[in-house]
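Report on one structure; see the data block that follows.
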Amino acid sequence: MENSFKAALKAGRPQIGLWLGLSSSYSAELLAGAGFDWLLSDGEHAPNNVQTVLTQLQAIAPYPSQPVVRPSWNDPVQIKQLLDVGTQTLLVPMVQNADEAREAVRATRYPPAGIRGVGSALARASRWNRIPDYLQKANDQMCVLVQIETREAMKNLPQILDVEGVDGVFIGPADLSADMGYAGNPQHPEVQAAIEQAIVQIRESGKAPGILIANEQLAKRYLELGALFVAVGVDTTLLARAAEALAARFGAQATAVKPGVY
């Protein structure tokens, strides 16, 4: 039951991850054996639901990689369902201020600390009440990562960092660059300056900074600045680009694709 991902962040051990967008338990298991510290099952931009997340959690469970799940929104009902199927670490998107961060934390805690509904007899998380004292232990194993993706969220970062129960803050470079007027260009100097400043600020607060970036040089730079959970690729991108490159090498008509953010 111990959340080893949360423990690693608390100990200051950098965790390298991979984004999962294929919404497949089969590919999730394949990638769980690849050597990443964590795998992000994306419910915001990939066609996932509670059932597909459940199958991915089951597929990843035998491997050292730790699962992180991103719901589609900061919604306590959706969060409750994801926790009941076994999610312990959540990446909550588009958190704009401290109040929204508190709502995310409360959604992961049983009363009186929060508002998570008690349904452990039906929950994989408690192994259907086979885990002794699950209701008493669960709150401490929840890891809440909130995602800041706009100028407003950046402005409110000091207050977000003061919220008890927030374990880490993830910077969303794609949405942030769009909000700053540089859509599709997260490497713009102004965007990079904002990202670097935020990473340092988050780490100095005692929280864990995180980010997704497929550029290896930038990923290493963020780690040097103190980022603790860094996703360095996306499964859909890896598959698409590798397939195109293979087709091109054998003379097939590969589709010309403009390089994306990831």
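Cβ atoms here come from the backbone N, Cα and C positions, even for glycine.
Database features, via Swiss-Prot:
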ACT_SITE  His45  active site, proton acceptor
SITE      Arg70  site 'Transition state stabilizer'
SITE      Asp84  site 'Increases basicity of active site His'
BINDING   Gln147, Ala174, Asp175  substrate binding site
BINDING   Glu149, Asp175  divalent metal cation binding site
Using Cβ-Cβ distances, find the residues under 8 Å from Asp84 (site 'Increases basicity of active site His') that belong to the same chain and are at least 6 apart in sequence, listing them in sequence order.
-> Gly119, Leu122, Ala123, Arg124, Ala125
Express the distance between the Cα positions of Gln147 (substrate binding site) and Arg70 (site 'Transition state stabilizer') as a whole number of Å.
-> 10
Mind giving me a neighbour count for Glu149 (divalent metal cation binding site)? Other Cβ atoms within 10 Å of its Cβ, every protein chain shown.
-> 21
By the 10 Å Cβ-neighbour count, the most surrounded of the recorded positions His45, Arg70 is Arg70
From His45, Glu149, Ala174, Asp175 (recorded positions), the ones whose CA sits within 10 A of Arg70 (site 'Transition state stabilizer') are His45
For Glu149 (divalent metal cation binding site), the spatially nearest of the recorded positions His45, Ala174, Asp175, using Cα atoms, is Asp175
Using the centroid of the Cβ atoms of Gln147, Ala174, Asp175 as reference, list every other same-chain residue with Cβ within 8 Å of it (recorded substrate site), in sequence order.
-> Pro93, Met94, Glu149, Ile171, Gly172, Pro173, Leu176
